[in-house]
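Here is the structure we will look at.
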Amino acid sequence: MKILVVNCGSSSLKYQLIDMTSEEALAKGLVERIGIEGSILTQKVNGEKYIIEEPMKDHKKAIELVLKALVDKEHGVISDMSEIAAVGHRVVHGGEKYASSVLIDDEVMKALEDCVKLAPLHNPPNIIGINACRELMPKTPMVAVFDTAFHQTLPDYAYMYPLPYELYEQNGIRKYGFHGTSHRYVSSVASDMMGKDLKDLKVITCHLGNGASLCAVKEGKSVETSMGFTPLAGLAMGTRCGDIDPAILLFMERELKMSPDEVDAVINKKSGVLGISGVSSDFRDIEGAAKEGNKRAKLALDVYHYTVRQTIGAYTAVLNGVDAIVFTAGLGENSAASREEILNGLEYLGIKIDAEKNKQRGKQIEISTEDSKVKVFVIPTDEELMIARDTKEITAK
């Protein structure tokens, strides 16, 4: 059984064709600059690149070219489109309606449209991608897998904001959380590595990329997470501010005479470690600058590590203890220095790190010592595989 996994952005599209017998990706691809000049599709099969450069006026044209690349006689991996048993779509926001992945039909599409106000940047391209696939592959079942779904198990006291209740009732303003597919995947792998049932464990998962969030997992369910109503909340990130005093936004509008759009640009695109360091949103650049004595770069890293450490501490209280901590995503998987700094100060939990193991980059490994009371893992995330597994399970029903 082969499943196509699609992740649509506003002008880009990532895809993988996964053979579910071996759970291996037969092809991985990226389409860039959809709807703008210089459109390009890059597909990798067995390490070899295949590139298509031609105008793609919209996502439908992009998906046409994806299918063309997959069945290409020389560079493709399937002989016919009928080999694609189903398509799994990453959808950022499922609102309160969806606590798990769902088979897509017209009713689901209407619900996704209703969620656009909650995710105006992300849901529209997700919807466009689904519509394009449904048009081109009308007989192929499609499944929506939501970033928010895993966090629908948060208790009401964890997701409710202390605002007038009617803002929740009438406008859906509450904590939703994101990166759910990643948190679900790595917590499951951690339990496998420990040889225990996830339902018997207390796990804190740290998805640390340009966007970053933590999740507290208890009895196999998400009970707390750091992102909120939007992916702007929580930790300091690459370009996002994370949690700040909300009155700062009023100050920016009233005293600094900034428009809502200008404020939005500051807190979403000019803040985080980029804002503090003035160097970059790329942690590799900031780490390099800090080593060369750039004080603002060092401060940016210190603030970032502090917000992660602080949140881990809070989540041990939420869970009443912790059995395992997992690092994943770009920084979590690849920066030994960041992992060390984040865990520095959590010795009271009985955490002991093996310095040599911690030097490993981007591979699945336990980095805690044998006598560490809390297991610490680095687990590369695989959201595409999780989407494919859900798609297989739902279409088999």
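The backbone N, Cα and C atoms fix where each Cβ goes, glycine too.
Secondary structure at ASN7 (Mg(2+) binding site), as computed by DSSP, is strand. On its own chain, ASN7 (Mg(2+) binding site) has LEU13, LYS14, TYR15, HIS89, ARG90, GLY129, GLU384 as residues at least 6 apart in sequence with a Cβ closer than 8 Å to its own Cβ. Annotated Mg(2+) binding site per Swiss-Prot: ASN7, GLU383, in sequence order.
The secondary structure of ARG284 (ATP binding site), as reduced to three states from DSSP, is helical. Taken from Swiss-Prot, the feature ATP binding site applies to LYS14, HIS207, LEU208, GLY209, ASN210, GLY211, ASP282, PHE283, ARG284, GLY330, LEU331, GLY332, GLU333, ASN334, supported by sequence analysis.
Secondary structure at ARG90 (substrate binding site), taken from DSSP and collapsed to helix, strand or coil, is strand. Taken from Swiss-Prot, the feature substrate binding site applies to ARG90, supported by sequence analysis.
Taken from Swiss-Prot, the feature active site, proton donor/acceptor covers ASP147, and the record attributes it to sequence analysis. Under the DSSP three-state reduction, ASP147 (active site, proton donor/acceptor) is assigned to coil, being neither helix nor strand. Taking Cβ-Cβ distances under 8 Å and a sequence gap of 6 or more within the same chain, the neighbours of ASP147 (active site, proton donor/acceptor) are ARG90, VAL91, VAL92, HIS93, GLY94, PHE178, HIS179, GLY180, THR181.
The secondary structure of HIS179 (site 'Transition state stabilizer'), as reduced to three states from DSSP, is coil rather than helix or strand. The site 'Transition state stabilizer' feature in Swiss-Prot is assigned to HIS179 (among others); the stated evidence is sequence analysis.
Counting every protein chain shown, 26 other Cβ atoms lie within 10 Å of the Cβ of ARG240 (site 'Transition state stabilizer'). The site 'Transition state stabilizer' annotation in Swiss-Prot covers ARG240 (among others).
Between the CA atoms of ASP282 (ATP binding site) and ARG240 (site 'Transition state stabilizer') there is a gap of 13 Å.
Within 10 Å of ARG240 (site 'Transition state stabilizer'), judged by CA to CA distance, lie the following binding-site residues from the set ASN210, ARG284, GLU383: ASN210. Residues LYS14, HIS207, LEU208, GLY209, ASN210, GLY211, ASP282, PHE283, ARG284, GLY330, LEU331, GLY332, GLU333, ASN334, recorded as contacting ATP, have a largest CA-CA distance of 24 Å. For the recorded positions LYS14, ARG90, HIS179, ARG284, the largest tally of other C-beta atoms within 10 A is found at HIS179. Listed binding-site residues: ASP282, GLU333. The one with the lowest count of other Cβ atoms within 10 Å of its Cβ is ASP282. Put simply, GLU383 (Mg(2+) binding site) is 14 Å from LEU208 (ATP binding site) when counted between their Cα atoms. The DSSP secondary structure for LEU331 (ATP binding site) is helix.
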